[in-house]
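Participant: TrEMBL lists C237 with the feature active site, nucleophile. The feature S-adenosyl-L-methionine binding site is assigned by TrEMBL to C100, A101, A102, P103, G104, S105, K106, D131, D158, D184. Positions annotated as compositional bias 'Polar residues' by TrEMBL: 372-381, 691-713. Summarising the annotation, TrEMBL assigns compositional bias 'Basic and acidic residues' to 383-399, 625-643, 650-663. Here TrEMBL flags 1-346 as domain 'SAM-dependent MTase RsmB/NOP-type'. Under the heading region 'Disordered', TrEMBL lists 352-417, 625-713.
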Amino acid sequence: SHAKEILHCLKEKYFRELQDLEVDGQKVEMPQSLSWYPEELAWHTNLSRKILRKSPQLEKFHQFLVSETECGNISRQEAVSMIPPLLLNVNPHHKILDMCAAPGSKTAQLIEMLHADMNVPFPKGFVIANDVDNKRCYLLVHQAKRLNSPCVMVVNHDASSIPNLQIDVDGRKEVLFYDRILCDVPCSGDGTMRKNIDVWKKWTTQNSLQLHGLQLRIATRGVEQLAEGGRMVYSTCSLNPIENEAVIASLLEKSQGALELADVSSELPGLKRMPGITKWKVMLKDGQWFEEWKDVPSNRQTQIRPTMFPIEDEEKLKAMNLERCLRILPHHQNTGGFFVAVLIKKSPMPWNKRQPKVHQKLAQRTGDTEVTAANSDNGSKCITEERALAENEESKKMQELQNSDTEQSKKEGVCGPPPSKKMKLFGFKEDPFVFLPEDDPLFLPIQKFYALDPSFPKMNLLTRTQEGKKRQLYMVSKELRNVLLNNSEKMKVINTGIKVWSRNSDGEQFGCAFRLAQEGIYTLYPFIHARIINVCIEDVKILLTQENPFLSKFSSETQKKVKDMAMGSIVLKYDPDPEKPDDLQCPIVLCGWQGKTSLRAFVPKNERLHYLRMMGVEVFKAKRKEEESESKTAEEVQHRLAQTEEGMDVEDKEHDLVTKMEAEIGEESSRSPVESSAMEVENKIEDLDQSSKNANNHVSQENDNTDTSNVKD
């Protein structure tokens, strides 16, 4: 619903302002929508980065793009790289693996497709986004975080040997197979030659020869983990057949009919494309060409492999339908060069066909024992466990190895980092993911204060601390909880979950030590039955443009609702009025705080600007006001009591009186009921950050939630 509002805003406001605009004597070209992207949700501009950043006439448009990108409402991305997620045909119930996900633009598209229905807070599907590079994983986290989804997990593995995960299905362990897999493999990148000058300097045929083996291994690992009937999209930003058709042909050949290329010619109408090719030659760095494997001299057979050549058997080749691959050339529609192939899995891979029977029995047995171990009380060992282990000596040994380290942590719902012996992993050491126990005393006051629905999945709440005070509470979907609990020993999880509550020491005196976090409010809102205030559009404007407005500034309906409510964290909800089509037509849910005499919104700065833009408020001016107020705030706090300007109205006098009284009795100023405690929490978090390097991915900074002027105050 927000996407439609942004599109309306772009067309009606920003694009109109670009009409007849000249920069450096040249007329600015209007942005165009990509004809093949559904519902006009993708647009293209020819404005260079330099012009966008430097031209004063384009400053407003540039600021809009940057701010909305920060919020996650806009993603800036190479046009052709938007194609693979669209061809995956994702539904909200699909389990999705993104094998080489960083920097995360395609992952963001997948998350968006999972949440096609905004009224479903927890879609049944999820996205596991993987990357081999630890540092790039944090870039991936940053991208995914903008979309505030409880259904995403970022993991750090080599895609060619990503482990089989297990999930618990009715008390039985089963291997997790994915419904959709995106396999956007590392490539030579020669399709980016128009924008990437390095390609011209560094390109050699050697690049493709070196990458072919890795690409084939990653694609093979992908199809192994694909469910029957599932779809895998293989893509590269290269035009070299050795990285493209050669990989697909080799995969199809060794699948022995288990895979087929999908015909996607009718999908994405408007996208200009060429069919895949069936004949190509292989060239060495020194310019030597080879048409067949048998021509390759033995001293070159380590560089050139048989899988790099076209299939010789004409019938086999015809049956593969390689022409169903998509080749997108740069001059077709002013994009980068790109290759895409859509594979469908019809049956298990031939080398996997026999395994499941043996594997399943063992998996069931280990599943039973682990589940009983997890459910048994701390004091007693289950008899079932002993019986199951005694059944078979071999399975006993395996079971002991598997369970010895993880049994205790399973009981406690702790998903720690994997053992370092199994994998050579570099990068930050991650904190464990600790699920809240069912009887955790922490949850009861939260449940009572916000009148949470009985259906609220409290088992899905987690923290990143095993000991000490829990400062933040995060939420994952039920399906991801299942994945986390059953695979902690074999998987390096970088990040998962969405922040839903933050500890706030002020809140304790009002009955709840945790305030709502804006990131998770759309996930939490359906379960909250108390402390909700429905506000009109004028109230929303006041909340988002004024720092800490008095209650008297709000509509009489809002004042009545607030009157009987205790101080503390609240939900502010705006519902659109269909009879007023000029007003904002998408619902808004904001986190707020009710003080003694004031009401305020706890919303990150860019999100504030987003909502104001959607309501037609000129944020350019609002931003200047904010900047001025920032510089004045420190002086105001010190001198306000002494100053009494002649034109001061009654409200300001009342405000000063309240400030003075509360200062005298040692309380915090009514002007800022939560900032100081937010600052205390923030300072402590910062201390923690320095001692543990991983905090840049999960502990989101509070001063993003309270814009800079609030923190200063």
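Yeah, the Cβs are placed from backbone N, Cα and C, and that goes for glycine too.
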Participant: C-alpha of C100 (S-adenosyl-L-methionine binding site) to C-alpha of the residue listed as 'active site, nucleophile': distance in Å?
Facilitator: 13
Participant: Measuring CB to CB from A102 (S-adenosyl-L-methionine binding site), give everything in the same chain under 8 Å that is also at least six residues away in sequence.
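Facilitator: Spatial neighbours, sequence-distant, of A102 (S-adenosyl-L-methionine binding site): D131, D133, R136, C137, L139, L140.
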Participant: Cα-Cα, whole number of Å: K106 (S-adenosyl-L-methionine binding site) versus C237 (active site, nucleophile)?
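Facilitator: About 13 Å separates the two Cα atoms.
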Participant: Among all protein chains shown, how many Cβ atoms are found within 10 Å of the Cβ of the residue listed as 'active site, nucleophile', not counting that one?
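Facilitator: Excluding its own Cβ, the number within 10 Å is 23.
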Participant: Of all the Cα pairs drawn from C100, A101, A102, P103, G104, S105, K106, D131, D158, D184, the residues the record ties to S-adenosyl-L-methionine, which distance is largest, in Å?
Facilitator: 20
Participant: Over the domain 'SAM-dependent MTase RsmB/NOP-type' (1-346), what is the model's mean pLDDT?
Facilitator: 93
Participant: Work through the binding-site residues one by one (C100, G104, K106, D158) and point out the residue whose CB has the fewest other CB atoms within 10 angstroms.
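Facilitator: D158, out of the binding-site residues C100, G104, K106, D158, has the fewest neighbouring Cβ atoms within 10 Å.
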Participant: Could you tell me the C-alpha distance between D158 (S-adenosyl-L-methionine binding site) and C237 (active site, nucleophile) in angstrom, no decimals?
Facilitator: 20
Participant: Fill in the CA-CA distance, G104 (S-adenosyl-L-methionine binding site) to the residue listed as 'active site, nucleophile', as an integer in Å.
Facilitator: 15
